[in-house]
Structures are given as C-alpha cells and as structure tokens.
Amino acid sequence: MSAVMIARKVRKWEKLPGKNSFCCDGRVMMARQKGVFYLTVFLIVGTCSLFFAFECPYLATHLSPAIPVFAIVLFLFVMAMLLRTSFSDPGVLPRALPEEATFIEMEIEAANGNVPAGQRPPPRIRNVQINGQIVKLKYCHTCKIFRPPRASHCSICDNCVDRFDHHCPWVGNCVGKRNYRYFYLFTLSLSLLTIYIFTFAIVHVVMRSVDSGFVKTLQDTPGTYPFMLVCFFTLWSVVGLTGFHSYLISLNQTTNEDIKGSWSGKNRLQNPYSHKNIVKNCCEVLCGPAYPSVLDRRGLTQDDLPVPASTAAQSNPVPQTTKTTAPLIPNEHTPDDAKSSIADSAISHAEKGSPSPKKEKPPTPAKVPPLASPETDAFSSFNLYCDWHLNIHSITTMTDNTIRLSITHEGITNEEMARGYLLL
C-alpha cells in the first residue's frame, strides 16, 4: 500500500535524540531509568510520615510545637530540591546537524591529511588555553561535536552534558552545569533532615522510657524502631556524600574530574578553573548565574508523517461541484423598473450560493478584484451585472472573508454584501 508524507508541526522535544524521557509537554526532562528515583521519593516520604505519626504528637506536647513545624519546612525544602534536580535540564548540548557534521568531518580530514592505509588516524583533539593551562577538547563521535571544556558524554542518557559531574540514579537524572547547585542543596538539606528526625526520635524514646519503661515504649510506639534503623544507615551515606561534594566545591572540581585525576596524581596539572580561594569557588558554583537551556525543547519544528493514501484521501475529500441556477442578466430590452429587482436578486443569489471548485474561471470585470472562488454561475452573473449596469464607488475587504461593494443604480446608493473566499 502506497503512503503519503504529510507535514505536521511537532515540539522539538519529540524529535530530540538520546535516551531521555519527557513529561508535561517537554517541561520535565529525566532519564528513562526512573525506578531508583521512585525509591528515593518513597524512602523520604515514608520515613517522614512515620516521624510525624509516632514522634511529633508526643514531642509537640511535652517539648515544643515548633519541632514538627520545622520538620515540615525542612521536608518540603528537601522535596523541592529533589524535584528541581530531577526534572530540569542538566545542561545537555545539542547534537550537530547533518550539514554541520559533514563540515566538521571535512575540516578534520583536511587537517589530518592523507593517512596511509593500515595506519590509525590521529586522535580528534583540539587544544584551548584557559588561565595559562592547555585544555584538550575531545571529539564526540555520537554527537558529532567537539565537546566544550569540562563536558562529557553520559552513556546512560546518551547525551553530552556541559560541566558533567556524574549521573545520579537516586535523582533519575544527570548532574551537570544547570542543576548541580540544586543537587548539592538537596543532599545538604537531606542530611540536616535525617540528623534532625533521628535526634528527636532518640529524645522521644529516652523520655518515654523514663516515664513508662523501655518495654512499654516498644509497645506504645511500634513504628519508632524500624524508623530509627532506616535513619541510622541512611545518615552515614547521605552525610558522607554531602561532605564529599563540599570538598569538591571548595576546589571548584567535578566528580568526573576527581575520578579521572585530571588535576591531580601523575599529571601534576593545576586546576585552571579554581580561584585558589574557597569562598570564591563556593560562590561561583552555588551563587553563579543560572544558565538557560540550549535545547529549546518546546520550540516547533516540521515532521513528515507517513500516512496511507486511502487515509489521506478520506481525511481530505475532493469537494463536489454544486450546480446553481443563475439569475437573469438584464439587457437593452429589459424595462427600467425591472433592472433594480434583477440587481437585488443577483446579489442575494450570490450571498446564498456556495462557491464550488471548477476548472475554468469566468472572466472577471476590470473594476472588481477577482474572488478566490468565483466559479459558480451565480457569481459569474453577479460579476457581469456589476460590469454592465452598476457604478462601483468603492471596494472594501472585510476580515470575515467578505468583499463589501458600494454601488449606485439609477441614482440610488446601495450597499450589499457579496460573500466569497478572498484570493490568497
């Protein structure tokens, strides 16, 4: 069965390459593997729910009602930073267009010259100087671009990310230039929340044990101890992760650079991005400008959609020609008192008649601009009558596909509506 290509407008996020998933018409951008992200949300919400259900009523009564209030504020901030990190563009770089990729390939071949057969071509690298330090720009064979400094290709999302730090399955997204500060604030606030609820859970158990004994406390609050066990094991990993990223921020370094040993180890190279000052490094990473996304996910682009010929014919049927009866055309033998009624009849007939397509167009008077569909006999008669018997003073094009004619017939000025499609 033959197919017909129909052009349609789609959002650019629908055509973006890579392995990301989009929601809310391209506003939300995540990795396709979101199972661990749902586990993160479940652990945070579940742990805080147990704290609010078993700990907060006793603590608010016997200590202070501000304890659950501060816990709620901290919990909402943690969830906001988690969702902001997970749903935002981490700094994905657009891939080269086919024309751009061809031009880059030609430049590389011209620079390398003719490579003998059997010999490996030289690596595709360009060098730039940043603060007196030579930095290599590597060529990405997937995206067909020379990656900017500190950018790297994520094998999970299959995209190049600017200032790539790492891919975090716990947030379901890459961590890069545009969402690193939100990731750090998430880990920092989560550490504070874990310490906060774990501390007050211990206070709750101690206060209850003094009043009613340890065994009675176990019976009255059965959810406290599983909750404390989860907090205990989570505390070390979350606090340790926050401390590690605090160390990287003080050096203005990424996790990817630390793992590869780009500015340490055998290379003994100085980090060209560091200001040699902890405060300046922290201000640049956490308080720097918010960079816009370069993807234009919600922009419009054209897409060719293959549709079967039968379906295309059904969706765009050929309009049927409707035969209409033309009004009489006055001549020199027509009485004067009948000419006015014939003119009104021709105009009203033109209003009621629906234009239908026809192969040949009738002659159009020189004084009247052509209509887009003057194919019916009714419009032909109306045009001829206007040419022979009416004095057209003005022609006005209306906004509702209408032409308004100001005409004079036998000394009487009259305005009528001649409806038809405008010639586009």
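FYI, residue positions are counted from 1 along the chain as it appears here.
Cβ coordinates are placed from backbone N, Cα and C, and glycine is handled just like the others.
Residues or ranges marked as transmembrane segment in TrEMBL: 36-54 (among others). Counting residues 6+ beyond its ends, the transmembrane segment (36-54) has Cβ neighbours under 8 Å at 30, 68, 71-72, 75, 78-79, 82, 86, 169-173, 190, 193, 197, 200-201, 204, 221, 223-224, 226-227, 230-231, 234 in the same chain.
For 66-83 (among others), the entry in TrEMBL reads transmembrane segment.
What TrEMBL lists as domain 'Palmitoyltransferase DHHC' is 136-260.
What TrEMBL records for 182-207 (among others) is transmembrane segment.
Annotation comment: TrEMBL describes 227-250 (among others) as transmembrane segment.
Taken from TrEMBL, the feature region 'Disordered' applies to 302-373.
Under the heading compositional bias 'Polar residues', TrEMBL lists 311-325.
Under the heading compositional bias 'Basic and acidic residues', TrEMBL lists 349-362.
Per TrEMBL, compositional bias 'Pro residues' is recorded for 363-372.
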Exercise. In the same chain, which residue numbers or ranges, 6 or more beyond the ends of the transmembrane segment (227-250), come under 8 angstroms Cβ to Cβ?
Worked result: 43, 47, 50-51, 54-55, 183-184, 187-188, 190-191, 194-195, 197-198, 201-202, 205, 258, 278, 281-282, 285-286
Seminar exercise, completed: Beyond a gap of at least 6 residues from its ends, the CB atoms lying under 8 Å from the transmembrane segment (182-207) belong to 44, 47-48, 51, 54-55, 58-59, 62-63, 67, 70-71, 74-75, 77-78, 81-82, 84-85, 88, 165, 168, 171, 175, 217, 221, 224, 227-228, 231-232, 234-235, 238-239, 241-242, 245-246, 249, 285-286
